[in-house]
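Annotated features, as they stand in TrEMBL:
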TRANSMEM  121-142  transmembrane segment
TRANSMEM  188-207  transmembrane segment
TRANSMEM  248-269  transmembrane segment
TRANSMEM  276-298  transmembrane segment
TRANSMEM  310-333  transmembrane segment
TRANSMEM  354-379  transmembrane segment
TRANSMEM  391-413  transmembrane segment
């Protein structure tokens, strides 16, 4: 317990618990925290006096001094603990704990070295000129898989470097030490949770491969026959009572049915690979985590629905050109001309021949617009549904990457390690100070201080902290995910659908930035992983 005395015309005694790494500290980072105590209806006179007086110290400097107050004590305690430990090396508990951590470090180092060798093998395999075209083609077809595989490979390469810290206790400020420790543990905790989820999903797919295959076959058959073929035939008739142009509807419907039939024929030949494809998804989940397997699923869905995207692209091209032609002809009738340089409409005098040609073109284009629109709406809804599924998987991948698992786990165990602002709990003031304030202090010096300052100007208060909620911890990380999405982009996408522009197939969510590729001998990497875990245990990070 510490004490802070501020001497001026009045004496203020502030009692606080000494900040300790792994236990608690103080911070002025305010969140939307509710006040801990209700303010009285009528403020005492000493409150107004405090506001009128010039502050002697800045609050940030005071809090920093409090957080650094026990730096020397912690360093001395660490040295004394090492001396005591060296004298008790033959105790049974110490030997068991040391052997357990060394065994765990050996196992984790071996597993990480295995992943490291696989990542280096794929990297060297793709660098050969013979397989360069395979690498380029796979990066275009499996774009999402390659991005998440690169992120996972960088996490495998760099987590022991982030965890390695030669002398963590040399950081004098407890607040800085807490933030540095959370930053070091973020990489390996995210990778561990991702691998656990990937193993759960992968083992579930391996044990239920036949059931998943039958479900995929039934869904593909129902989707092709029940939605695509039936929808195209329905649009060729009288959809929802609308009278369409029979010839144009027949042409668009026959083109759609032919494309669907060709892709269905290819799907029959590719059906034998579905069983192995599900096995590949399971193995990717077990080996590299849930994010890599989920990204591979996005690429598979994109490839499997390529015919729908092609039909949507073709009908969008027809619909957009038709809308642009109608808009240009409508400007012709109004005597307006688009000025692309200044982005405005200028007056323009058209000739009679131009008006006649415009009238001849405007009428059929306007009458054919409902037929084109129903096909455009149908394929837009279908492609948007497919893109929404891919975006949902992409959102899950971003959430897995962005969630601070180490901070959540520590918050569940010790909430005091996440302070957000300070407040003062008033213990005694003026005539009531000698009655019960001596119970606040344990030593005789503090009690004698109260007796010496038996004046109406002595104030005793406790320094308290507010604490972050779980939502306040997660909110900054999840806000970063949607940093590239705004209301204007959604509005632009909605307008683009009406004007015949294609909607984006990706949300553009934020992912961990890629890091430079690193090469080192396998034995040296294993030693780095082993030593990083041992040093973290020696510094007491896993025990706190």
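Just so it is clear, glycine is given a Cβ too, placed from its N, Cα and C backbone atoms.
Worth saying up front: this structure is predicted, and the values here are computed from it rather than measured.
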Ask   = What same-chain residues lie close to the transmembrane segment (310-333): Cβ under 8 Å, and 6 or more beyond its ends?
value = 252, 255-256, 259, 345, 350, 354-355, 358, 361-362, 365-366, 368-369, 372-373, 375-376, 379-380, 382-383, 499-502
Interface-richest range of 188-207, 248-269, 391-413 toward the transmembrane segment (354-379), CB pairs under 8 Å = 248-269
Inquiry  = Under 8 Å between C-beta atoms and at least six residues away from its ends: which parts of the chain pack against the transmembrane segment (391-413)?
reply    = 144, 148, 151, 182, 185-186, 189-190, 192-194, 197, 290-291, 294-295, 297-298, 468, 470, 473-474, 477-478, 480-481, 505-507, 509-512
